[in-house]
Structures are given as structure tokens and as C-alpha cells.
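So the structure is just underneath, and the comments pick up after that.
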Amino acid sequence: MASKNLSPILFLWALFQCCLALTTGALVRISLKKVTTSVPQSSISRNLVETPRGAKVFLGKLHDSNEGIVYLKNYMNSQYYGEIGIGSPPQKFAVIFDTQVSNLWIPSSECKHSIACQVHSKYNSSKSRTYSKIGTPVKFIYGTTTTISGILTQDHVEIGDLIVNDQVFIEAVEEENPMLAQVKFDGVLGLGFQEATTGNATPIWQRMAEQGLIREKVFSIWFNRNPEGDPGGEIVFGGVDPKHFKGKHAYVPVTQKGTWLIEIGEFFIGNRSSGYCSEDCPAYVDSGSPLISAPTVVVTEINYAIGAKGVDSMECKEIVSQYGEKIWDLLESGVKSDEVCSQLGLCSINGAQLLRNELTIESRTLASSADAQFCNTCRMIVTWIQNQKRKKSSKSQVLSYVNELCRSFPSAQGDAEVECEHIPHMPNLTFT
């Protein structure tokens with residue numbers, strides 16, 4: 001039977017249909033190509049109803065012009081990329097549009113030793129009459145493992161039918177991750193904020209606004225969910241395309257300056273409350289990631305609900321067998337959930353953390369990796385038991401359910417498999 005890989009990464013949320021408020025002229029439409037790829041590659045290509053009082057609705061009209069819109073290509077539901085031009089005459093590049101990045105970067109003709117540069121289009125400054133040398137060396141991390149080294153350069157950038165004059169971008173002279181050779185895009189056009197730029201370069205959407213190229217301080221992204229559909233999607237600068245949505249847009253405030261970080265509330269698996277994020281959880285809106293991802297404690301329960309084939313966790317089964325009833329009794333007696341595992345000796349006192357902290361910071365260092373694994377697993381079990389207790393389930397029902405969850409852990413690579421023919425019958429995930 002056909003199976004589909006499910007791979008959690010952290011807590012990054014993919015954009016499927018969104019409208020993000022930004023800064024003024026015409027619409028810029030860029031088509032996207034959608035490209036499917038393997039899980040390791042997808043990890044490289046980085047992942048509501050009412051309008052609040054006082055929020056302005058930015059709905060640009062398309063009229064008869066395609067300025068402001070870039071159509072996207074879809075590569076196997078994993079990479080969505082569109083074409084831009086840099087220089088005069090324009091040199092063409094395929095880029096992904098990533099809200100978790102603020103810079104525009106593309107390979108340089110001076111990148112001679114990185115495998116990825118050899119298989120992608122490279123910018124040659126000597127062939128552009130509008131090139132201006134800056135030359136400041138820069139280095140940054142793209143995603144979690146890819147180091148990009150390069151220099152700052154200034155040139156005109158063509159997006160749709162618009163020309164952004166004197167845009168500062170990064171010419172990558174070294175791309176250390178060889179996996180970049182397998183992706184379909186040449187570089188990345190960042191949709192992040194000025195605060196997060198490398199080299200203090202102004203993001204390209206802000207330059208559009210400053211130069212009066214767009215009518216509204218808005219960009220919107222549409223991803224075509226039909227894997228056979230053409231185009232794979234589009235990104236619109238200066239408004240939204242009304243043919244891609246119905247009803248009203250929902251507006252969610254960002255919670256941290258300089259990032260697309262929002263708060264989400266409760267989410268439901270089918271019609272059942274998951275019990276997580278009742279006090280809100282942070283979530284990144286990430287147009288560069290094809291995945292909706294979450295911590296293992298959440299993913300494991302989702303895997304179980306949709307029948308995904310994970311792996312048996314021996315640590316989980318051992319803790320449920322030896323400490324399950326004690327965990328129940330401690331919670332019943334009023335012990336705080338983040339203190340249970342330390343009272344059982346499975347976590348150091350300083351190692352205990354709340355689930356909310358797990359979404360934003362790394363686990364504290366414990367005595368050994370084995371101790372850390374038992375501590376983290378214990379904390380997950382406490383969370384599961386506590387959530388089930390709120391539903392008034394009996395002790396035996398709860399421990400039986402948690403023991404089943406021990407069989408639905410993602411693999412060490414974060415993978416689980418589900419039969420594709422079961423997808424239409426799986427419960428929906430609903431976020432509030």
C-alpha cells in the first residue's frame with residue numbers, strides 16, 4: 001500500500017492561504033512553482049473569523065494588470081518557488097519566498113567550491129550595468145544547519161513587471177550544506193522584517209513601499225493545493241487576489257517585534273479538545289516550510305489519532321508501567337505537573353520545564369542523554385495524563401490510552417507513516 005511520510009520539525013506553521021500586512025502603487029503578481037522532494041530536502045526549504053476593531057482591510061484590486069503578482073511553481077508539495085531577475089539586463093533566478101528570512105540571497109559567480117553553486121544559476125556582477133559594489137562580508141545560518149557566507153551587493157531587482165532599484169542583497173560565495181544541490185530553487189527572497197536582516201539590508205518588500213511601487217502595504221501568498229494544478233500558487237505584492245478566497249480575512253497580531261510570531265489557542269483533533277495551548281502557544285507563520293510542525297508530545301497524540309505508524313518507545317512503556325499510577329496519584333493530590341517527574345526522580349529539579357517553554361527553548365542539560373530522554377518522556381506522559389484527567393476518564397482508561405500513545409512516537413528522524421487511502425477519513429485538526 002502507498003504510504004505518506006509525516007515529519008515534524010519544531011513549531012513552524014506553513015502558509016496555505018494568507019494575507020500579511022506590510023507597507024504603498026500597483027500589484028505585483030509572481031507565480032509559484034510547487035516542487036515535491038524528500039524529507040531531508042524539505043527540511044532545508046524552510047515551514048480565525050473576525051476582524052478586530054480598528055484593523056484595516058487591505059484588499060487590492062487586480063484590474064487588468066499582472067504587475068505585483070508572481071506565479072509560483074510547485075515541486076511535490078514541498079518547495080514553492082517563483083522567478084525574479086537581478087541586474088540590467090536581468091539575470092533570472094528561481095527563489096522561494098520565506099517569511100523566516102529577511103534578506104535576499106542568491107549564489108554568486110564567485111562561488112566556485114560549493115557543490116550547490118555548481119548546479120544553480122549564479123549572479124555575475126560584471127554582466128550588469130546597474131551593479132554597485134558594497135563588498136561587506138557576511139555570514140548567517142539559513143534554517144537550522146545551513147551556513148551561507150557571502151558579500152553584500154547592490155543592484156536592481158525585477159519582480160513581476162516592477163523594478164526595485166538599488167536593492168541590497170547577499171551574493172553567496174559559499175553554501176556549506178551539500179543538500180542545497182538537490183533543491184530546485186537558486187536562492188531565497190526574505191519576507192521578514194528589518195530587525196532580522198543580516199548586514200542591515202532593507203527587506204525587498206519595504207523597498208517596494210519606499211519607492212511607491214505597491215498600492216497597499218500588503219503581500220499575500222496563495223498555495224495551490226492541487227498537486228497537478230498550474231500554477232503552483234502566487235505571491236501578490238500590494239494586495240490580494242479575490243479569486244483565491246471567500247468571506248472575510250482573519251487578522252492575528254504578531255506578538256514579537258521583527259518576527260511573524262503569533263499566538264494560537266486551543267486546537268482540536270476531530271471534535272475532541274487536545275488539551276494543549278489552553279493558555280496560548282507561540283507559532284511562527286513560515287512560508288518557507290511545507291510542514292505544520294509541533295513538539296513530540298503533540299505530534300505523538302496526532303499520530304495516534306490518524307493511525308500513523310510510528311515506533312514503540314521503550315522509555316515511555318517503562319515509565320507508564322512503573323510510574324503511571326504514581327503520576328496519577330501525585331496529580332490527584334495536587335502536585336504541580338512540572339514538579340511530578342522531579343519528585344519521582346526522573347528529572348532533576350532544574351530540569352523540569354513547562355510544556356509552553358518546550359515550544360520556545362531547548363531542554364536544559366541533564367546528567368546524561370539517557371537521563372534527558374527519560375525526563376522528557378516523563379514530562380510528556382504527565383501532560384497526557386493531565387489532559388485525560390480533565391475529561392473525567394478513569395485511571396485505568398487513562399493509563400491504557402497513554403500506553404497506546406507509547407506506540408505512536410515519531411522515529412529518531414521525526415518520521416511516521418500513514419496509509420494514503422486513509423487520508424480522506426482522518427480527523428481534521430482545528431486551530432483557534
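Cβ coordinates are placed from backbone N, Cα and C, and glycine is handled just like the others.
Checking the candidates Cys19, Cys111 against TrEMBL, the cysteine paired with Cys117 through a disulfide bond is Cys111. Counting residues per DSSP class in helix, strand and coil order gives 37 helix, 8 strand, 17 coil for the domain 'Saposin B-type' (371-432).
DSSP assigns Cys117 (disulfide bond) to a helical segment in the three-state reduction. Residues of the domain 'Saposin B-type' (311-351) grouped by DSSP class, helix first, strand second and coil last, total 29 helix, 1 strand, 11 coil. Around the Cβ of Asp98 (active site), the number of neighbouring Cβ atoms within 10 Å comes to 23. Within 10 Å (C-alpha to C-alpha) of Asp98 (active site) lie the following recorded positions from Cys111, Cys117, Asp286: Asp286.
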